[in-house]
There are 2 protein chains.
Amino acid sequence: MINYPIKRKTQNKTNNRANLGMTLENDIETTNQYYLINDIAVIHKKPTPIQVVGVSYPARNKAKIVEAYYKTPSTTDFNGIYKGRYIDFDAKETNSKTSMPLKNIHLHQIEHLKQVASHGGIAFLIVHFKQFNEYYILPSAILFKYWDLQNDEKKGRKSIPYQTFKDSAYPISFGYIPRLDYLKVIEQHYFAK
Amino acid sequence: MINYPIKRKTQNKTNNRANLGMTLENDIETTNQYYLINDIAVIHKKPTPIQVVGVSYPARNKAKIVEAYYKTPSTTDFNGIYKGRYIDFDAKETNSKTSMPLKNIHLHQIEHLKQVASHGGIAFLIVHFKQFNEYYILPSAILFKYWDLQNDEKKGRKSIPYQTFKDSAYPISFGYIPRLDYLKVIEQHYFAK
């Protein structure tokens, strides 16, 4: 049940771990387990949506799925509750040193985060700039601003500049236990007022 | 995107729809779509968790899952936000006329609902007594009481009596649009104070 975090080696700028796409997600899931075990918050990753087409029954009580396809998620990957507040976010990684491309984000994820924010939830992205090994909480208001402007000929652009993260997002420090204490940052910016 | 609800025929006590297990879930999902479209709440069903074992790539960009298995969910099926509050519930159907068997519920679902309740979320079950075509919101406190007592030799039992639903749960009326207006009932019992 408990996956104890494994101390990771110091990373060089060249990231040589095999399963890059899963790393941020795993770090968040490990952190969520820490939150759950220590009764800090109840936040889970939603399962990946899969469309099942074919099932066979090789053993009496065991369904074996033999044909299925990945579906596009209709919401974000993570949600739950912290101190009575609804929390909702997605995790994004980029190799870029200059910006986070907006094409990493689906329209329905934006729509979902807007709905969450308008109903009083805490909505954000956790963004990992892999080349710097830096993690940020990007408040949804900043995300929406860039998203809504992206097709504006004068002010629009297809990405959020790294400098915007430096100036306006909230850094998360990478640690041992928990690995990515993002709720500490949420606490500072959304609760401590 | 929008599944308009289809007016259903009056049901006799003999329920002859083919896909019984999916009905309550579909009614809730249709209701959730109504809530979303009308900006009342943001509540989604979580995808069914599936363990993917084998994937093939018949076309260049299309992964085909060729071996996978259903996993036991680690949480409930539904969660989201209503009026700033975190909402979390599962849906259960029973053919029994006398009680809802506790074996319909997994231990980790109970643990999850307890965690949610202790962090200030609104946790409950929606229970459908199919033989009566009656729907109830069962507050988590009642569920926990029966769950925790079930192995008590004197007071314990393996089910929650139908009479307890009549006495202490909150009925949901079945309608046209939305089909199962459970948030109206939540509003009355958790908000109107």
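Using N, Cα and C of the backbone, Cβ positions are placed for all residues, glycine too.
Going by TrEMBL, these are the annotated features:
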- A:Thr75, A:Asp77, A:Asp90, A:Gln109: Mg(2+) binding site (BINDING)
- A:Lys92: site 'Transition state stabilizer' (SITE)
Measure the Cβ-based neighbour count of A:Gln109 (Mg(2+) binding site), defined as the other Cβ atoms within 10 Å of its Cβ.
21
Output field, Mg(2+) shell: CB within 8 Å of site CB centroid, site A:Thr75, A:Asp77, A:Asp90, A:Gln109 dropped:
A:Lys46, A:Pro73, A:Thr76, A:Phe78, A:Asp88, A:Phe89, A:His106, A:His112, A:Leu113
What is the one among the binding-site residues A:Asp77, A:Asp90 whose Cβ has the most other Cβ atoms less than or equal to 10 Å away?
A:Asp90
Within 10 Å of the Cβ of A:Thr75 (Mg(2+) binding site), how many other Cβ atoms are there?
23
Filtered recorded positions - A:Thr75, A:Asp90, A:Lys92, A:Gln109 - keeping only those with Cβ under 8 Å from chain B:
A:Thr75
Calculate the distance in Å between the alpha carbons (Cα) of A:Gln109 (Mg(2+) binding site) and A:Lys92 (site 'Transition state stabilizer'), and round it to a whole number.
12
Excluding near sequence neighbours, so keeping only residues 6 or more apart in the same chain, what lies with its CB under 8 A of A:Lys92 (site 'Transition state stabilizer')?
A:Leu24, A:Met100, A:Asn104, A:Ile105, A:Leu125, A:Ile126, A:Val127, A:His128
May I ask you to report the DSSP-based helix, strand or coil state of A:Lys92 (site 'Transition state stabilizer')?
strand
